[in-house]
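Chemist: Quick one: the structure is below, questions incoming.
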Amino acid sequence: MRLKKITSLPPLSDRAWLSAPHPTLPLLATCSSNKTVQISSLRTFTPLSTIEGGHKRSIRSVAWKPNTGPQDNPESVLATGSFDATAGIWRRHEGQHEEHIHSHDHDDEYGRYGEEEEEEEEWRFAVVLDGHESEVKSVAWSAGGSFLATCSRDKSVWVWEEMDDDNFETIAVLQEHTQDVKCVKWHPEEELLASSSYDDTIRLYKEDVDDWACCAVLTGHTSTVWDIDFEKPKPSHGSAFSRLVSCSDDLTVRIWTRTSSSDSSSFINKPPSILRTNSIEEQWTETACLPAAHTRTIYSVSWCSSQPGRIVSCGGDGKLAVYEEFEVEAHEHGEKKKEWRIVAEVGGAHGVCEVNNVCWAKRWDKGKRFEGEDLVISTGDDGVVSFWELALE
């Protein structure tokens, strides 16, 4: 296989940090050092609108709230995290656009979205979330949309709960890390939160009665852990044996597997890399270190939702790498085992610039080759967002 570039968006005026696909609509949000978020179409690979005016410094992270509202009043909600030490909540009514989501007439969809609704008040800066003492590095919504997590250079992770429209309450300030916190991610099905840090660790948190607390510490990386991502659990085995992927300044991509949790009847003996609490402890074990693909810091990693055994990474070396999990026969007793291999890579994905973020997204454009196809989206220091497909050699 190889990564084949489909197209790129016009470059932004400054460094682009991260791109986030909408969970249900053909929309992409990209945040930038120019203090804006650009909304683009995943059908036409065209910029649609620019969100600005809410932050005073670079917007480092952006996340779409899962669509959990009533279907007769659909609304898109974005959270942003900025170097101005605040997080923002933005709202936009999607009623008219919703009518065209399933339309095969791409031009009609773009025209309706781009012309009739492109007004200055289209996106409303609804809430500013204050509390962090330094740059906000990452924001993430829980699977049900009830909680928002933020993390910062101030070494803390905050959990916010939306009480009602435009009213957010801080329900936890978690200060487990000893250094800058780079990333927060939620489990795709559970209210389980993960964070990664400059202190080389990954920490997991759950609610214990009325308080949030650390339920596991994953150690093994020897330098900053820049990004993490949960695997979407397979229906066949549920989320009991969830996996997490992480990438680091130590040039490794690692897989961690939950071997037991507080709901389990017994614990499996594993190396002592886990910090346990009395009632919510979980046990996670490093189960794989993927083949080396990068020569400089690995900034971002993403687990494909349509193909669970597929991961993409990017880094400061300008490379994109795709890894796939294969089942192979072990020599002893003929037992099956699994191993990860690099199946596609491309260097200089953004010219001489670093690639800051990579993710998978459902493919919506006319070039879609089969149902359920995902594409790779890369975001770089050159301000460019590029789209890639996995093609057979």
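Heads up, the Cβ atoms here are built off N, Cα and C, so glycines get one too.
Model, not experiment: these values are computed from the prediction.
As listed in TrEMBL for this protein:
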- 96-114: compositional bias 'Basic and acidic residues' (COMPBIAS)
- 96-117: region 'Disordered' (REGION)
- 129-161: repeat 'WD' (REPEAT)
- 174-206: repeat 'WD' (REPEAT)
- 218-266: repeat 'WD' (REPEAT)
Chemist: Could you give me three numbers for the repeat 'WD' (129-161), the DSSP helix, strand and coil residue counts?
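Modeler: Grouping H, G, I as helix and E, B as strand yields 0 helix, 18 strand, 15 coil.
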Chemist: Determine how many residues of the repeat 'WD' (174-206) DSSP places in helix, in strand and in coil.
Modeler: 0 helix, 17 strand, 16 coil
Chemist: Can you work out the mean pLDDT of the predicted model over the repeat 'WD' (129-161)?
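Modeler: Value for the repeat 'WD' (129-161), mean pLDDT as a whole number: 96.
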